[in-house]
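The domain 'Potassium channel' annotation in TrEMBL covers 98-155, 290-360. Annotated transmembrane segment per TrEMBL: 21-45, 101-119, 131-149, 282-302, 314-332, 338-359, in sequence order.
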Amino acid sequence: MASTSQPLRGKRACKKIFWAVFPHACFILSLVIYAFLGALMFSHIEGNRKVNLSEEYRKFLQKLWHISRNLSENEETFKEEIHVLLNTAERDWFVNPKDRWTFFGSLFFCCTVFTTVGYGNTYPVTRIGKYLCMLYALFGIPLMFLVLTDMGDILATVLSKCYNEFRKLQSKILASKLCSGSTCNKGDELKSRAQTKVVINEPLTIMEVLKSQPGVKRRQTKYRNAEIFEMLIARENEHRKPAINKSIERWSSCPELDRGKTMSRVIENFDKIGQQLEKLDVPIVLMVLVIFVYISCAAAILPNWETRLDFQEAFYFCFITLTTIGFGDTQLEHPKFFLFFSLYIIIGMEIVFIAFKLGQDRLIGLYKKVISFCGKKKMPSKKVYPK
């Protein structure tokens, strides 16, 4: 029996872990599939569009030809004219759509859409692409926020546990410094003696239970088996702790009940999304420090493939990205490498989202204190009239 029960317990434990992880994996997988489908759609629509030379492009070429024919000896004047002319040029005139709207380029564009970063260096040009971009963002942004909220619960749980463990360790260190060695040793000895007394005590036998009853001491009569069992059950119920709910064995014989119980647990997991994030209460200074270290690590790695960026530019670029500002002033030469960094972007947006949530809670608390303080000052003082 023991050999057969162990594999059953292992299977049940695996099932519990699977159904506990299922909601989180479902959200992330949905976002990944949504991004891949968007990449296929935009690469097909925007990459296969026909480039029509507009009238502005012809005027640009005419001005460039005129400046090249009338080169002046003054270099400053030539630089100014070329600079003004190049500012009027559009990037699409010199870039093949198939080179820009590859699968990885389209995937990078989709990530900038549903993360609301929007650098502005890649955008749809065709009318169908613009309409599909609005529709894509309409469903993609709520899905991204759902993933952020779900992953935020996990990060909030990890941060709260780490912070609580740190506070416990700090309190233990302070307590060990404050208390003297003799008193602490005495207290530890008393606790250890009390614990040994509790551990040494063995459970009472049936005869000891019967002798402890007042009815047995008064009269030496033989009890029937039913009365003995009733007394044992009554004594066990008095001293027994509430038992932990264990898995019922009948689930193995009736899998339909097991499925119903599992489905109800999965539904409860979906309903609990966002609760851990609301309970999180850590210092805002700690979150700022975590964000600084997190961005600094990426800023040290990013210049390895983006050679034009140094540490400061990479730090600025990561901050603009994680806060979803996305000016677009810093452009990447190899966006597909940064696309593989997408897990970093999602986790970083989670951390920034948690920091903004904590800052929002602190601001609300500050407003409440200011309003209550101003209300107390403006309240008229009660006048006491003589009787």
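Every residue, even glycine, has its Cβ placed from backbone N, Cα and C.
Across the domain 'Potassium channel' (98-155), DSSP assigns 44 helix, 0 strand, 14 coil. With a cut-off of 8 Å on Cβ pairs spaced 6 or more residues apart, the transmembrane segment (101-119) and the transmembrane segment (338-359) reach 3 or more such pairs and are scored as touching. Proximity of distant same-chain residues to the transmembrane segment (131-149), defined by a Cβ-Cβ separation under 8 Å and at least 6 residues beyond the stretch ends, is recorded for 27-28, 30-31, 34, 38, 41-42, 45, 110, 113-116, 124, 273-274, 277, 346, 349-350, 353. Long-range neighbours of the transmembrane segment (338-359) within the same chain, counting only residues 6 or more positions beyond its ends whose Cβ lies under 8 Å from a Cβ of the stretch, are 104, 107-108, 111, 115, 147-148, 151-152, 155-156, 159, 277, 280, 282, 284, 287-288, 290-291, 294-295, 298, 302, 306, 318, 321-324, 332. With a cut-off of 8 Å between Cβ atoms, the residues of this chain six or more beyond the transmembrane segment (314-332) that come close are 112, 115-121, 291, 295-296, 298-300, 302-303, 306, 338, 345, 348-349, 351-352. Assigned with DSSP, the residues of the domain 'Potassium channel' (290-360) fall into helix, strand and coil as follows: 51 helix, 0 strand, 20 coil.
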